[in-house]
């Protein structure tokens with residue numbers, strides 16, 4: 001219980017600091033987003049119209065800072081950040097709600113897939129140490145994992161989208177097909193457009209799971225309880241799964257729980273390269289368009305997701321590793 005209270009205190013303090021920084025940064029940045037928006041639209045703005053736009057966009061900076069800060073906390077709890085400058089007049093909430101399912105479908109699924117495959121391959125490689133799998137996988141994925149996301153993405157686009165047009169390039173669906181509707185044709189479109197970015201994410205992230213699981217399990221295999229299980233004549237599969245893998249997977253589980261927090265931000269560079277309509281691509285559009293309300297909401301969402309994932313990782317470790325309970 002004291003450990004849980006300490007972690008909750010950490011969560012509250014960190015969340016307060018993140019919200020406060022998120023409030024101050026846009027107000028410290030140079031420039032006038034209202035004037036920039038009107039300049040892009042090549043229009044003139046009067047005093048009364050400017051005030052209406054500031055209220056609509058949540059950028060009313062004429063009030064004292066402390067009043068803005070209190071109002072901002074109200075916006076945070078309502079998740080109401082006004083209208084987006086880039087996608088005006090759509091609200092920030094509606095813009096994000098459209099992008100999140102795309103990111104969860106692409107990055108969320110590939111994160112789980114990379115974790116499961118990487119953990120299994122790492123366990124098998126460690127169990128058969130010195131074999132073909134153990135000799136091939138680590139060096140290959142060390143090289144692949146060191147390659148930048150965007151470089152691998154551009155390579156896949158050129159090879160499989162241009163030279164060998166096996167998969168569509170860009171966007172999350174066929175934008176010429178009109179409005180999306182839930183049917184098998186739409187689902188096949190979404191899957192085919194997600195194939196290349198999903199492959200890139202899995203290939204560039206699976207190596208970390210493989211290497212972590214392999215190295216941890218090699219150490220676990222030398223423990224006394226594993227030697228005792230072998231001395232009892234237990235089946236090899238049972239020893240590998242119930243004795244060795246169960247304890248070796250703890251670092252991977254902690255890393256996996258934390259990686260879930262970064263799913264919300266998306267694989268930013270991959271979404272940018274493939275023009276995939278997820279949160280990462282949305283964040284780039286918000287930054288380039290100086291869309292402060294959208295940036296604030298996205299940063300806050302990413303921070304909250306990361307903090308929750310840290311709490312989940314800590315809870316998973318506490319449940320699975322009795323040693324942490326002793327230290328609590």
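Placement of Cβ uses the backbone N, Cα and C atoms for every residue, glycine included.
The annotation domain 'ABC transmembrane type-1' is assigned in TrEMBL to 100-313.
Here TrEMBL flags 7-25 (among others) as transmembrane segment.
If one looks beyond the transmembrane segment (99-127) by at least 6 residues along the same chain, the residues whose Cβ comes under 8 Å of a Cβ in the stretch are 133-134, 137-138, 172, 190, 194, 197-198, 201-202, 205-215, 217-218, 221, 236, 240, 244-245, 248-249, 252, 256, 259-260, 263-264, 266-267, 271, 276-282. Feature annotation from TrEMBL assigns transmembrane segment to 99-127 (among others).
Sequence-distant contacts of the transmembrane segment (139-167) (same chain, at least 6 residues past either end, Cβ-Cβ under 8 Å): 192-193, 195-197, 199-201, 203-208, 210-211, 267, 269-270, 272-274. Marked as transmembrane segment by TrEMBL: 139-167 (among others).
With a threshold of 8 Å between CB atoms, the same-chain residues lying at least 6 positions outside the transmembrane segment (187-211) that come near it are 105-107, 109-111, 113-115, 117-119, 121-122, 125, 137-138, 140-142, 144-145, 147, 149, 152-153, 156-157, 160-161, 167-174, 177, 252, 255-256, 267, 270-271, 273-274, 276. The transmembrane segment annotation in TrEMBL covers 187-211 (among others).
What TrEMBL records for 248-274 (among others) is transmembrane segment.
According to TrEMBL, the feature transmembrane segment maps to 294-320 (among others).
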